[in-house]
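Scroll down for the structure; my scribbles are underneath it.
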Amino acid sequence: MALNGAEVDDFSWEPPTEAETKVLQARRERQDRISRLMGDYLLRGYRMLGETCADCGTILLQDKQRKIYCVACQELDSDVDKDNPALNAQAALSQAREHQLASASELPLGSRPAPQPPVPRPEHCEGAAAGLKAAQGPPAPAVPPNTDVMACTQTALLQKLTWASAELGSSTSLETSIQLCGLIRACAEALRSLQQLQH
């Protein structure tokens, strides 16, 4: 399959760095805690809604008095979490940028590779969402983005978004629903970043 003239080498897979692995592990542990808490609330009579929290993307619950409840925002998140790169994508991106700047300053000018935006890795839904979040980092390209690549990427993201939305509608698994919500949010954020690049 031709990729609009792009080299296949441009899309080669690289294993996650130690920092990325720690971030993924922390996210996995956080999702597990959210799932356990949601299970406890469901056993207490709470209902799972077909909506997600606008702040964190977690599936919302409703108690018998019809009060809306977000397990992640109201039980897990705190001010400390906002600075934790394992729980906050912005903090993780900032830490990754600091690490890249520190490693780039150690290299002599002649041996410094040209900066390339990270490419999302096809992984489990949660990993794919994390890869998409990492791919939307703010470094502006030195040249205008290739419109063919942008269009191809936008089409792929829209297809993935449509697929995830359809799957979410038919999903009966709490864990799958949580992961699909994360994927939908990551696709939407990536599409927003693409639109910003085009303007």
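In case you wondered, yes, glycine gets a Cβ from its N, Cα and C as well.
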Selected residue, Swiss-Prot feature phosphoserine, from candidates S94, S193: S94
Annotated motif 'Nuclear export signal' segment (source Swiss-Prot; candidates 151-172, 173-194): 173-194
Most Cβ neighbours inside 10 Å, all chains, among the binding-site residues C56, C70, C73: C70
Listed in sequence order, residues with CB under 8 A of C53 (Zn(2+) binding site) and six or more positions away: I59, L60, C70, A72, C73
Overall pLDDT for the motif 'Nuclear export signal' (173-194), taken as the rounded mean: 89
